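Asker: OK, Swiss-Prot features for this one:
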- 1-38: transit peptide (TRANSIT)
- Asn206: site 'Transition state stabilizer' (SITE)
- Gly282, Ser283, Thr284, Asp285, Thr286, Gly287: NAD(+) binding site (BINDING)
- Glu305: active site, proton acceptor (ACT_SITE)
- Cys339: active site, nucleophile (ACT_SITE)
Amino acid sequence: MAARRVSSLLSRSFSASSPLLFRSQGRNCYNGGILRRFGTSSAAAEEIINPSVQVSHTQLLINGNFVDSASGKTFPTLDPRTGEVIAHVAEGDAEDINRAVKAARTAFDEGPWPKMSAYERSRVLLRFADLVEKHSEELASLETWDNGKPYQQSLTAEIPMFARLFRYYAGWADKIHGLTIPADGNYQVHTLHEPIGVAGQIIPWNFPLLMFAWKVGPALACGNTIVLKTAEQTPLTAFYAGKLFLEAGLPPGVLNIVSGFGATAGAALASHMDVDKLAFTGSTDTGKVILGLAANSNLKPVTLELGGKSPFIVFEDADIDKAVELAHFALFFNQGQCCCAGSRTFVHEKVYDEFVEKSKARALKRVVGDPFRKGIEQGPQIDLKQFEKVMKYIKSGIESNATLECGGDQIGDKGYFIQPTVFSNVKDDMLIAQDEIFGPVQSILKFSDVDEVIKRANETKYGLAAGVFTKNLDTANRVSRALKAGTVWVNCFDVFDAAIPFGGYKMSGNGREKGIYSLNNYLQIKAVVTALNKPAWI
């Protein structure tokens, strides 16, 4: 039940009305209160809400202790609402990765965690989930402050799912076992499912806590130890979660957390000879680098969850109002900063014009502002680099002669707020239809028939997710099977239950996270063959 409740907050379906987290307050976001609030830097400063949470952990977590980086260096983590410094955190580098890997190796080879009964490991994960719920407001505040996503999204959707994921993996801890295999001859054969060892994990900035759970949960349930590198933009919630894990009774060295930059700390972790497994979520280009570093070191196995350019297909039989709302959610959720965002909206030619007009109207009603305010649907982009990238793609769309229906500009002159932007008359060869923008930019394309849209939807290097909106079950089944994507949502989108596997085809990555399949990422399978002398039953 908990999973279904959380999923309903993160999805849109035929039967649902506008979700509570993202409901419009009926204001025009371009000529109403938002521009008045963000029209000048002074007005923006007056309206900014200061979260009550204290930033108490900014050091690296190594071997059960919060410590400074070996170099003593720090770097700032910034508030996306203003671009101002929230706190300075320890800047880990290769030496700190070495320290963390050494702690994780010792904890795996000599510590109690892998030898602990699976039931006892599950109890630690359950205690951690309880502590997450106890400190949900602090975690949600830090997540929103560091990332810019709406506070209500953090508090009522992401934190409950964060706790749910760890309870899910706690349930798996004592159900991981091998098989007895009938083999020819006088032999008894069974398999052992053993923890893989020291797992290196690199998480992104768009969903810091959820990606923490997707990786840390299965690794711990299987009995591994971990070195986790945070995204440099969003280190704060990982450190807070690390503190809660220590309170829950996780032994020292089992979970080590290093903040730092990809070129230094990330590269050192990916190429480390004493790391047995690597998991990475981020861009496809960086994923290629990570895979190369892993291959050129000790050939450690790598799980990759990478970029996407997901098609969202609206057929002519669709309820247009519901399809517009779902397509809007599929793209604009989390400021458009979702790897699986429905960023290519394909609409049948018979309903195209109506769909475009209603999509424009919905975007104009989207409430953009300080994510700590009630009723806000969209906060700022994560940082200046991402802001400039999105604005570059908007300019490209205009120059490519796509029709700019609305948006396309910055809101205010402080922070990284972008108007919800809708393009129509988009062609497949335009950059806005090919590249992962990772921002609030909806591209609406026209199609004529099923075969055509299947072909066009699959003509991308990505294959992470897709959405299909139709009342026809035959169409839904046909298209779902034909699309080359790791997840296909039919009449819904962004449904993320703890048990549903997630991962990509093609250049969207390999392996699966969440669900039973994620356990395979962190297990070694050993076959044990024993000769039998005069077995009674042969």
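Every residue, even glycine, has its Cβ placed from backbone N, Cα and C.
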Asker: I'd like the number of other C-beta atoms within 10 A of the C-beta of Gly282 (NAD(+) binding site), please.
Answerer: 24
Asker: What are the sequence-distant neighbours of Ser283 (NAD(+) binding site), meaning same chain, six or more residues apart, C-beta distance under 8 angstroms?
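Answerer: Counting only residues 6 or more apart in sequence, the Cβ neighbours of Ser283 (NAD(+) binding site) under 8 Å are Leu306, Gly307, Glu436.
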Asker: Across all chains shown, how many C-beta atoms besides its own are within 10 angstroms of the C-beta of the residue listed as 'active site, proton acceptor'?
Answerer: 27
Asker: List nothing but the one residue from Asn206, Thr286 whose Cβ has the fewest other Cβ atoms within 10 Å; the candidates are the recorded positions.
Answerer: Thr286
Asker: Can you tell me how many other Cβ atoms are located within 10 Å of the Cβ belonging to Asp285 (NAD(+) binding site)?
Answerer: 11
Asker: Name the one residue among Asn206, Glu305, Cys339 whose Cα is closest in three-dimensional space to that of Gly287 (NAD(+) binding site); these are the recorded positions.
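Answerer: That would be Glu305, nearest by Cα distance.
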Asker: Cα-Cα, whole number of Å: Gly282 (NAD(+) binding site) versus the residue listed as 'active site, proton acceptor'?
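Answerer: Cα-Cα distance, Gly282 (NAD(+) binding site) to the residue listed as 'active site, proton acceptor': 7 Å.
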Asker: In whole Å, how far does the CA atom of Thr286 (NAD(+) binding site) lie from that of the residue listed as 'active site, proton acceptor'?
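Answerer: That separation, Cα to Cα, works out to 11 Å.
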Asker: Once near-sequence residues are set aside, which residues in the chain of the residue listed as 'active site, nucleophile', 6 or more away, have Cβ atoms under 8 Å from its Cβ?
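Answerer: Those within reach of the residue listed as 'active site, nucleophile', by Cβ under 8 Å and sequence separation of 6 or more, are Asn206, Thr281, Glu305, Leu306, Gly307, Gly308, Glu436, Leu464, Ser508.
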Asker: What other residues of this chain sit with their CB within 8 A of the center of the CB atoms of Gly282, Ser283, Thr284, Asp285, Thr286, Gly287, the recorded NAD(+) site?
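Answerer: Close Cβ neighbours, site residues excluded: Lys288, Val289, Ile290, Leu306, Gly307.
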Asker: Counting only residues 6+ apart in the same chain, whose Cβ is under 8 Å from the Cβ of Thr284 (NAD(+) binding site)?
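Answerer: Looking at Cβ-Cβ distances below 8 Å from Thr284 (NAD(+) binding site), excluding near sequence neighbours, one finds Leu306, Gly307, Glu436, Lys461, Tyr462, Met507, Ser508, Gly509.
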